[in-house]
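Q: The following feature annotations were taken from Swiss-Prot:
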- Gln143, Gly161, Glu162, Gly163, Lys164, Thr165, Asp662: ATP binding site (BINDING)
- Cys1015, Cys1017, Cys1026, Cys1027: Zn(2+) binding site (BINDING)
Amino acid sequence: MLKIIAKIFGSKHEKDIKKIQPIVDRINEIYGTLNALPDEAFRNKGVELRKKVRDKLIPFETKIKETEHKLERPDMSHEEHEKLNIELEQLRNKYEEATAAILDEVLPETFALVKETCRRLKGHTYTVMGHEMVWDMVPYDVQLIGGIVLHQGKIAEMATGEGKTLVSTLPVFLNALTGRGVHVVTVNEYLAQRDMEWMRPVYEYHGLSTGVILAGLYSNQRRNAYLCDITWGTNSEFGFDYLRDNMAGSEEEMVQRDFYFAIVDEVDSVLIDEARTPLIISGPVPNSDTDTKYREIKPWIEQLVRAQQNLVATLLDQAEKTLKEKPNDFDAGLALLRVKRGQPKNKRFIKMLSQPGIGKLVQSVENEYLKDNSSRMHEVDDELFYAVDEKANTIDLTEKGREFLGKLSHQDQDLFLLPDVGSEIAAIEADKNLQPTDKIRKKDEVYRLYSERSDSLHTIGQLLKAYTLFAKDDEYVVQNGQVMIVDEFTGRVLAGRRYSDGLHQAIEAKENVKIEGETQTMATITIQNYFRLYSKLAGMTGTAETEASEFFEIYKLDVVVIPTNHPIARHDQDDLVYKTRREKYNAIVNKVQELNAKGQPVLVGTASVEVSETLSRMLRAKRIQHNVLNAKQHAREAEIVAMAGQKGAVTIATNMAGRGTDIKLGPGVREMGGLFILGSERHESRRIDRQLRGRAGRQGDPGESIFYVSLEDDLMRLFGSDRVIAVMDKLGHEEGDVIEHSMITKSIERAQKKVEEQNFAIRKRLLEYDDVMNQQREVIYTRRRKALKMGRLKNDIMDLLQDYCYTVAKKFHESNDPAGLEEQVLRELSVEFHVEASAFEREPFEQTAEALYKAASEFYHRKENSLPDEIMQQIEKYAVLSVIDQKWREHLREIDSLREGINLRAYGQKDPLLEYKQEAYKLFVELLREIEHETLSVAFRLFPVSQDESEEIEARQRRQAVRQERLVAQHAEAESTYKIAADGGMNATLWMPGDEIVVQQPVRTEKKPGRNDDCPCGSGKKYKNCCGANE
């Protein structure tokens, strides 16, 4: 029905192109007039366009700066502040509207200018990544259409070989005229550097500056790159710079400008494939004993896994024996279902599933236990030591498994019993027979026991995942004594990336390599929320249409399919389906041998290192020369890809040969039918399959593509084989037989769609959780940036003081404790405040608060008069920044802990997301209270020290510098890791050229409390966890 409607009214993409066509006609009209202009007059055109755009925007920028400056006035009332904030927001909106209007106005002339520039550069030679390249590109009409789509803030889907890199020059040049900076985001640093060097002549011809962000650059180099009109870099480099800017100790250390316009190359890879893994800057966990912990528990897990394997073997024996006598026996089906739940990748089990009727039997038994919301599934799992859910990527330890591990640990079931901390602490407090010291000791024991057991349970869970869900040469490889993650979408080794939450350490223990130390989160943001910072976002890729709904729902990005310059001549064949992998591999090798005999180049796409090496061994046995491109051979990637289109070439590649590469056909290959693409299995994402097909048939070249599939492939086994198995059973297929039908291909695509929907749900859920943190992050980072950019922060300090005075006065009035009030004010503010006990009882707390505010204000005023204004400014900034950084780190740790356990609330019929929002809000309110309290305390107690004490301060700063360098930037699951540059990142130590800063402690007249004593402030916490935390 939809196809009939599209034929009558035209498709969405046809309508999109129809709207753009008049602009393309106008561009070409102007382009025809530029040819006759001499070089100088032509260059002046670019200068004139830039001046026209800037003249329109400068008045808005001036007004915005004036308003921002007014907001910094220390004597402003709250009402004036709110009014100016609204005015500023309106100004910024008008600024964005004016920017869009002027750029739309000059678009035809600018695009024509870029096109003519490309024509004038033809024949010129440039060095790109060390190679000489002759410029031979002038944008076609379809490329002009792509450029317009990108400028409009949409995603342009363009087929392989259609020149996406050249297309980007058009909107990049146009938007760079604003002077606000344009970011071009690539999937790796090689492409960032290459594209910058390749396209730079177009920009430099008209005086636009270019820069690139690479790992390892120092802060000043990064800042200079961001100050350029156009900046290239990877999504992780841009994201980490944003996080580091919000950890900076001074405004001079920040490197980024405002977020105006970003064009994301391979947008589906960046915004979808990478979106499940948040960017994290982390630091080492002090006193972490990771190695011992994992080494100690590893033997238990190995014994548990062996016990499960033996159990599975027994179940398979029972099922095989029973099925010989009773082909459709329910108990045999139940045994096989237990095998599926206990060891789903068992080769013997997978082979059994290809036998007639077996798959159907297992499915029918599983459906029986899945009735009533899976209420009976525990009956299946209870016989196992643990249950594996491959689809959800989770493992559930059963009661039988817990008993097994309990005996190995000599703790029986106690290992899995976490003490109820709240009730046990309350019981200790209520026990009148215990002395205060005994209470402290018993409380410590409860906390220690809880910490040890929860830590052990976490380690057990991660080791079990490492042994059952993560396979060497599939999810990761081991190289040079290190566990290296393999990107499932590109097949590339992700150098330096690490799995989070202790999983990487568990895999390191499994593979007997060095176990790296654990880390804690210092700053984090998801890819989705980072790119939402930009005023305008656009992207380009060869494969976006299948994810159009996700792009719109998450990023509000429309997808427009750009027509090709030449019709696609590639022939895409229906899939060939075999029963077993062995049959499929034999068929692939035979097909490669057939193609190689006539000289037609063939690219064999695989989903893992293991499969590529298996096929390579089989081809070697047939004496067929070939190249292998996988995570272990990536160093020769450019050389191998360059040769893949030559006559007689045979290339086996994981998904690596997909992005940023063009395979050009050698002499005589077109006549043979072009490049032949042979997929060894379907990927779980249709986009990756389309990327592989797209290697052939570029720019109208001939080509062919086909996928070979078996029922043992993970995708078919998990999501799509039921109908296909039924068809094969009915047709009575024998070994070696193959099914080829469009119905089968459609069935496989439906299976892929299921996986895509599941992955979308995961990414969407991640975003819903991170939206909570995003709101909190914005509040904290806004406070931090304000503190960095403003001069004196006295007004803010005085506001905090007023709140503090009323809070403590009310608290101690309620308990009628004037001595407690005096002691707390002395300890927290270093202010001596005295109040008569009789007057304290008579007066309302407001009067005490006013007296306290007056005394504290006078103390602060005396401090101001005794110190230069510059030093007071640094004291106030240090108070705000150091407290925000410390408390925000602690808050992130608490949020991590909350996230880890929040899903358990579902067992209590509660929505984990709703519970998470409520709990996170409570934690955030407490965080803000603590930040305000601590900031005030530090601002009052911070004083310059004498020269005699400066050596100790310098030593502390050196220790901090060492800790600072140990911070790393990484994805939660996997992203680039490298040391922070020495002159970048957080500067939590206040540096003064002449003086040093230290917190002045009040003079004590009573005995100092011990580390484990109750804190004298009355908080109920131990001294070491409260006022003594920094000692």
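Each residue, glycine too, has its Cβ placed from N, Cα and C.
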Q: List the residues of the same chain that sit at least 6 positions away from Gly163 (ATP binding site) in sequence and have their Cβ under 8 Å from its Cβ, in sequence order, or write 'none'.
A: Met137, Pro139, Tyr140, Gln143
Q: Taking only same-chain residues 6+ apart in sequence, whose CB is under 8 Å from that of Lys164 (ATP binding site), what do you get?
A: Gly146, Ala156, Met158, Asp265, Met540, Thr541, Gly542
Q: Taking the residues Gln143, Gly161, Glu162, Gly163, Lys164, Thr165, Asp662, which the record names as binding ATP, find the longest CA to CA distance and state it in Å to the nearest whole number.
A: 17
Q: What are the other residues, in sequence order, whose C-beta lies within 8 angstroms of the center of the C-beta atoms of Gln143, Gly161, Glu162, Gly163, Lys164, Thr165, Asp662 at the ATP site?
A: Met158, Thr160, Leu166, Val167
Q: Between the binding-site residues Gln143, Thr165, where is the Cβ count within 10 Å the lowest?
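A: Looking at the binding-site residues Gln143, Thr165, the Cβ with the fewest others within 10 Å is that of Thr165.
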Q: Can you give me the same-chain residues 6 or more apart in sequence from Asp662 (ATP binding site) with a CB-CB distance under 8 Å?
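A: Correct list: Thr160, Gly161, Arg698.
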Q: Let's check the environment of Gly161 (ATP binding site): how many other CB atoms sit within 10 Å of its CB?
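A: For Gly161 (ATP binding site), the count of other Cβ atoms within 10 Å is 22.
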Q: Within 10 Å of the Cβ of Glu162 (ATP binding site), how many other Cβ atoms are there?
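A: If we count other Cβ atoms within 10 Å of Glu162 (ATP binding site), we arrive at 23.
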Q: Three states by DSSP: which one describes Thr165 (ATP binding site)?
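A: DSSP call for Thr165 (ATP binding site): helix.
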